[in-house]
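Over in TrEMBL, the protein carries these features:
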| type | residues | note |
| --- | --- | --- |
| DOMAIN | 39-285 | domain 'G-protein coupled receptors family 1 profile' |
| TRANSMEM | 26-48 | transmembrane segment |
| TRANSMEM | 60-80 | transmembrane segment |
| TRANSMEM | 100-121 | transmembrane segment |
| TRANSMEM | 142-166 | transmembrane segment |
| TRANSMEM | 204-223 | transmembrane segment |
| TRANSMEM | 235-256 | transmembrane segment |
| TRANSMEM | 268-287 | transmembrane segment |
Amino acid sequence: MEKMNNVTEFIFWGLSQNLEVEEVCFVVFSFFYTVILLGNVLIMLTVYVGNLFKVPMYFFLNYLSFVDICYSSVTAPKMIVDLLAKSKTISYVGCMLQLFGVHFFGCTEIFILTVMAYDRYVAICKPLHYTTIMDRGRCNKMLLGTWIGGFLHSIIQVALVVQLPFCGPNEIDHYFCDVHPVLKLACTDTYVVGVVVTANSGTIALGSFVILIISYTIILISLRKHSAEGRRKALSTCGSHIAVVIIFFGPCTFMYMRPDTTFSEDKMVAVFYTIITPMLNPLIYTLRNAEVKNAMKRLWGRRVFSKANGK
């Protein structure tokens, strides 16, 4: 049967149909997106200017910040503009590209968080072998693996959607193109596609979450053997990682570990992993992570002092 596709664009319902609510959301999310850009760029500059790439934790934190900027930029600018727009439209091609971007950067972030947990596990549980295990070559390979994994996941999602026929209606009850809302508009039975999508996304989200929980449980148990100062330092670093994992994986699991269904709460839940988490990551990793905070103080303190003395 030949694919019929009469839809050339989709119309978003957005976060709200109330004009006053949309105006308030415009101010709030414009502020959030600004914080995302400034906070994550600050971390990247700190790592780059301070030449901290040789430390695996900073190496992966730098790329986590980069992915956060890309991830939020796939949805936030369009959503913010649409909050004041009368017609919230996106082309069919634009929708597919947005779908690809959301899953590509979202999945890559999941894998980076998993690699960062492994880094902390090696640093705390195998400190004598840390520099050997987490050498530059292995860090580069793990980072490359996160990008390849994210690409494979997202290309599968998009491939499942683009082969479906869309002949109307074309209104999406969301503020960006995600798999489940788009599947509802296909004019064919999407049960099998929905199962594959859930298996793909759910396996990655739940599997990574379980791995992270096991990793941090082992780390916390092993901390009993460390000194009080060692425990405090390790908990400071791991605490920030655990906070990010809970904030990010909770909503993701709710969204993707279920059959092909949508709920009215989905839009607000999606806000957490597309905007709130990328905004909180810089705050969590700087305010709750003593090492990152001290690195920023040393680096930017020296630069301010040098400028004040005309050096």
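The backbone N, Cα and C atoms fix where each Cβ goes, glycine too.
Across the domain 'G-protein coupled receptors family 1 profile' (39-285), the model assigns an average pLDDT of 87. Below 8 angstroms of C-beta separation, residues 57, 106, 109-110, 113, 116-117, 120, 124, 178, 180, 198, 201-202, 205-206, 208-209, 212-213, 216, 219-220, 223, 266, 269-270, 272-273, 276-277, 280-281, 284-285, 288-291 of the same chain, each at least six residues beyond the ends of the transmembrane segment (235-256), sit close to that stretch. Beyond the ends of the transmembrane segment (142-166), by six or more residues, the same chain brings 3-7, 59-60, 63, 92, 96, 99-108, 111-112, 115, 118, 179, 182-183, 185-188, 190, 193, 196-197, 200-201, 204 to within a C-beta distance below 8 angstroms of the stretch.
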